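Enquirer: Quick one: this structure, given as C-alpha cells, is what I'll be asking you about.
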Amino acid sequence: MGDMTNSDFYSKNQRNESSHGGEFGCTMEELRSLMELRGTEAVVKIKETYGDTEAICRRLKTSPVEGLPGTAPDLEKRKQIFGQNFIPPKKPKTFLQLVWEALQDVTLIILEIAAIISLGLSFYHPPGESNEGCATAQGGAEDEGEAEAGWIEGAAILLSVICVVLVTAFNDWSKEKQFRGLQSRIEQEQKFTVVRAGQVVQIPVAEIVVGDIAQVKYGDLLPADGLFIQGNDLKIDESSLTGESDQVRKSVDKDPMLLSGTHVMEGSGRMVVTAVGVNSQTGIIFTLLGAGGEEEEKKDKKGKMQDGNVDASQSKAKQQDGAAAMEMQPLKSAEGGDADDKKKANMHKKEKSVLQGKLTKLAVQIGKAGLVMSAITVIILVLYFTVDTFVVNKKPWLPECTPVYVQYFVKFFIIGVTVLVVAVPEGLPLAVTISLAYSVKKMMKDNNLVRHLDACETMGNATAICSDKTGTLTTNRMTVVQAYIGDVHYKEIPDPSSINAKTLELLVNAIAINSAYTTKILPPEKEGALPRQVGNKTECGLLGFVLDLKQDYEPVRIQMPEEKLYKVYTFNSVRKSMSTVIKLPDESFRMYSKGASEIVLKKCCKILNGAGEPRVFRPRDRDEMVKKVIEPMACDGLRTICVAYRDFPSSPEPDWDNENDILNDLTCICVVGIEDPVRPEVPEAIRKCQRAGITVRMVTGDNINTARAIAIKCGIIHPGEDFLCLEGKEFNRRIRNEKGEIEQERIDKIWPKLRVLARSSPTDKHTLVKGIIDSTHTEQRQVVAVTGDGTNDGPALKKADVGFAMGIAGTDVAKEASDIILTDDNFSSIVKAVMWGRNVYDSISKFLQFQLTVNVVAVIVAFTGACITQDSPLKAVQMLWVNLIMDTFASLALATEPPTETLLLRKPYGRNKPLISRTMMKNILGHAVYQLTLIFTLLFVGEKMFQIDSGRNAPLHSPPSEHYTIIFNTFVMMQLFNEINARKIHGERNVFDGIFRNPIFCTIVLGTFAIQIVIVQFGGKPFSCSPLQLDQWMWCIFIGLGELVWGQVIATIPTSRLKFLKEAGRLTQKEEIPEEELNEDVEEIDHAERELRRGQILWFRGLNRIQTQIEVVNTFKSGASFQGALRRQSSVTSQSQDVANLSSPSRVSLSNALSSPTSLPPAAAGHSRREGVP
C-alpha cells in the first residue's frame, strides 16, 4: 500500500466509496484535505462544510462521549474505507543483496581476481609444456597427473572466498532480522487510549481507526490526525511537522487540528480521529519521500520528517522557515542512529561510538602494515625469481615459456594477497556486531530494551548516573501515611469520625474532582495482592487516602463528569500544582487546588480549623507549620502535598487567564505526607555501582528533606561523608555569575561533591548533565547516564551519553529521546546494563588479543618463509581457513562470553584507555614468540626431527609434502589452545574459569578441531595437505598444549617491568571532537555519516532555540525585566558554544523581539498563534 502512488490510492478508494456511497457522511479525500488546513482556515472550513465538530462525529457515525461501538464488522469496514493506521515498512534487504554487499570487500576482490587468473593459466597448456629449459630448475619435472591438478588451488581459493562471503552475509541477515523483531516489539508495546462503547480502553496504535475517540494527555505522541472535541489547556509541540518551536494551544473554536507525530506538552483532552496511516499528515510525507516507512518504527516519525517538511503538503501552511524545521529534528541517528537508519546509510558505516572509533583506527593501522608487508613479500619473491632464473642461471626468456613464468608470478601474487588477507582483521567489525547483537538480545531478558546499539557499549564506560527518584529508586506505589487536618497532625491515617464532616466532604471533593479522571484505583488482579493503581501515582495515593477514610470518589465523579469541569489548570513543571474550577449550583465558582506543599501554602491565606471553619493563616503561622509539620514529614522521606480550595462570586466572572490572581488567597484544607517506599533491591544495586567506580546522583522534583531521607535509605549518601545536597534554586545561584550566565568553572566546583539535587526543573537536569559532560575537571571525560520518564526530561536524555527511559511510567516523548528503555522501571536493571556494556568491551579485547597473535605469526611466517624458501609455508587456502577460524569462529566464541559479577569490581576504562593494554600486548608478543620459534624450528629442521622429506623448494605443482602439513597443523593447534588463553585479558591465571558457562565457545573449539582433522587427513591437493600418522598428530597437539603452559609463564612476568611495550588503539583527546575525526580518516567516513553529525549539531541548536523562545515568552508573561531575558539569552548562547562553529540561519534575534513586545521571533512569524504575548 505504501508503494502505491497517491493517485492509485485515490482511485482504489474512490471505487470503495461508490460502493459504500451512503456509509459515511464524508469521504477520505474530504477529511484528508481538511487536515491539511491550519488554524482559522480550518475552523472556517469546518463551519462552512460540516457545521461543527459534533456534526463531523455524526457523519463518521461516532459519539463524542461513547466513542465507537467497537464491533468487529464496523472496525473492519472503517479500515477498508479509510485505511489502517500503519505505514508499511520498507522491505528488508534480501539475502542476495547482503551477499553482494559482502563481496564488495577489497581484499576478497583481489583474491577473486588472483584465483581467476590462476584458474585460467592452469587450463592453458602452452606448446612448450615439456620444455625442460623453462625454469623448473628447482625440482625435477612434475608428473602429468599433478599438472592436471593445477586448477585446484584457484578453485579452492574461490570456494573459501564464497564461504567467507556467505558467513558474513548470513550474520548481517540474522542481525537485521533480530532488529526487525525488536522494532516490531517496540511498536506493539506502543498503546493509545481510546473510548469504545463508553469504556476507556488501551489499544495498540495500529488498531486505531477513523472515527475513534482518542484521549490525549500530557506526554503523548499523537498516533493519527484528528479534530479536538473537548479538553483543557491542551498545548502541542508541532515542531516535528512545522519547525516552529512554540507550543500551539488547541481549542475547538480557534485551532482544533491535531496532527500525527506531534507531541502533547501540556493539558489533556479528546479528539475524533479523522485520518490514519498513509493518509495522516506524517503518512503523506512518507509517501512523498517514497519511503512508505523509512524506518520500521512509527514512533520515529519525527526523525524522518526532515526532508518531508519542506514539502508541498506543508508549504502552504507555514513553511517560512525551512531551516528551522531542519533544526527541530531530534534526528535519532544523530545519537548513534537506529539500526535501520544505519543500514540505510550503509550496511557497515555507523555513527561511531567510542569503541568503534578505536577499532576503526586500529584496523586502519593494521591494514596499512599488512599492505606494506604483502607488497614487500611480492617484490622480494619476484626479484629473487627473476635474478635467480635470468641472472644466476643466465636463462634466456623464451616465448614458449611465458605462461610458465606468468604462473610463477601469479603464485607469488597469490602469496602476497594471502599475507594481506591474514593481516587485515575483517573479523573486527564482525566481532563487534556479534558481541553487541548478542548482548542486546540477552539484555532484553534483563529488562533493557536497547534502541541504539552502541548505547550498550557506552554504558560500560559510564562514570556517573543521574537518576530520578520516583519510580526508579522507589516502587512508585504512593500511599498517604501522615496527614495534618483541622489543626491536628495525625501520624497515621485518622479515623473518619474524628474529622469534621464539612472538612471531610470538601476533602473528598477536592481530591476526586481535581485529579485526572483517568486516574483510578482498581481491585487487585490476584487474591491478596495490592489494589492496582492506574494513572498518575501521586493522585492514586490521594484517592487511596479517600478510600482509607471510608469514603468513595466515584459518585463525586459521576455527579461532576469531566465534560462539566469549567476550567482546568493542568500540572506542569513550572506551576508544580494542579487546579480545577467547577460551577456550583448557585452559579458561583469553586476552585480546588493541590500541589507541592511549600508552593501551595505560600498562596494560602486561610486554613480550616477543627470545626471546619476557615481561620486566618499568616506568614508566621506558615513558617511554624513548615517547621512543625512539613519538615518532620519530609525528614521521614515523605512527599508533602497540600490540598486547598477557593470560592469565586458568579459575577463579575474572574479573568481565568490571569493565573497569578486566580491561584491566590486559597484556603488550606489539609496537608498529607505520601510515602513512596524504596525498592528493596536498590540499595544493593547502588552499592555495586559505587564499587564499580560509578557515582550515583539523585535528581528529583521533591522537597530537599524528602530527597535527602530517601538518598540515605538508598545508600547514595552515607551520614558523615562530605557531600552536597542542593535545591534547584541554590544550584542555579551557585553556577551562574553576576550576569546570570552559567559558568563551567562554577559547575566544576560543585558537581564532584553533588549527590542530591532537589526541587529541580528539567532545565536544571539538562544543565547538570551538560556541565558534567563538558567538564575538564577530571583527566577522563565523564560518561553520564541519565534516567527520565517525563516529557520534559527529553533534553537531558538526549544530552546524556546514555539515556534510560522508563518503560512503564515513561511518556512517548521520553522513550523517543532515550537509548535504552527500562521495561521494568527498575534501577537495578541499569546495573545489568553496565555489566553488559563492560562485557562487550572485554569481549572485543579478548578477540583482539587472539586475532592479533595469529596475525603477527601468520604474516611473519608467510613473509620470512617466502623470502628464504621462495614459497610461503602456509598456502593461500590454508591461510583462508586460518582466517576463517580466527575471524568468524573466534569472534563468535569470544564475543558471546556471558558477563560475570567480577566485571563490576573494576573502575570504568574511560574514553581514552587504549583497546590493547600493556598486559594484552605482553600476551600477544609472548605467544607470538613461542609460536614463531616452533614454526621456524619445524620449517628448517623439521624433516630431520620427523625423518621425512623436506618440503622446501618444491617445484610449481609438486604434491603436498608431509613436512608442510605438519607445520600447518601445528600452527592451527597452537591457535586453538591460544583461543583458551585469550579468554582472560587481565593476566588472570585460571583461563578455564567459567568455560562451561559458554556452550558456544566449547562447541566452536571442538568443531574447529574436528574440521581440522578432516582437512589434514582428506584435504589433499586443494588444501595442500598430506595425511599424517598418529605420532605426528600427537606431536602437533603436544606443541599446541605447550601454549597453555607458556601462557602461565607469561602471566608470571610482571607487566610493570616491560616498560618498552606500547599500548595500541587509543583515542586521543583531539579525536573526540567530531569535526576533527572527520578529517582524521576521511576514507572511513562517508556522506551519510556526515549528515548524522550535522543532525546532532542541528538538534542542539534547535534545543537552544526552543529554550530562548520559551525564555522570551516567559519574560513577557511575567513582565520581568528585559535585561533578565537578555542575560539568559547570553547564557543560552554560551551553552551552545559547542555548535558555534556552524553558522545558524535562524537564531532567534532577541533584540527586535524585545524592542516591540508584539513582534514575534522570526520562527513564529508564519502564524502568530502564540498566546501569552501581551
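Every residue, even glycine, has its Cβ placed from backbone N, Cα and C.
Features from TrEMBL:
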type     : residues  : note
COMPBIAS : 1-13      : compositional bias 'Polar residues'
REGION   : 1-24      : region 'Disordered'
DOMAIN   : 47-123    : domain 'Cation-transporting P-type ATPase N-terminal'
TRANSMEM : 98-121    : transmembrane segment
TRANSMEM : 151-170   : transmembrane segment
REGION   : 296-347   : region 'Disordered'
COMPBIAS : 296-305   : compositional bias 'Basic and acidic residues'
TRANSMEM : 371-392   : transmembrane segment
TRANSMEM : 412-438   : transmembrane segment
TRANSMEM : 924-942   : transmembrane segment
TRANSMEM : 1000-1020 : transmembrane segment
TRANSMEM : 1032-1053 : transmembrane segment
COMPBIAS : 1133-1158 : compositional bias 'Polar residues'
REGION   : 1133-1174 : region 'Disordered'
Enquirer: Residue list, the transmembrane segment (412-438) vs rest of chain: Cβ under 8 Å, 6 or more residues beyond ends.
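Expert: For the transmembrane segment (412-438), the far contacts come to 105, 107, 110-111, 114-115, 117-118, 153, 157, 164, 168, 171-172, 174-175, 178, 348, 355-356, 359, 362-363, 366-367, 369-371, 373-375, 377-378, 381-382, 385, 453-454, 456-457, 840, 843-844, 847-848, 851-852, 854-855, 858-859, 862-863, 866, 871-872, 874-876, 879-880, 882-883, 886-888, 890-892, 894-896.
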Enquirer: When each of 371-392, 924-942, 1000-1020 is checked against the transmembrane segment (1032-1053) for Cβ pairs under 8 Å, which one has the most?
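Expert: Highest pair count goes to 924-942.
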Enquirer: Pull the DSSP breakdown for the domain 'Cation-transporting P-type ATPase N-terminal' (47-123) and write it out as helix, strand, coil residue counts.
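Expert: Tallied per class, the domain 'Cation-transporting P-type ATPase N-terminal' (47-123) gives 47 helix, 3 strand, 27 coil.
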Enquirer: Which value does the mean pLDDT take for the domain 'Cation-transporting P-type ATPase N-terminal' (47-123) in this predicted structure?
Expert: 80
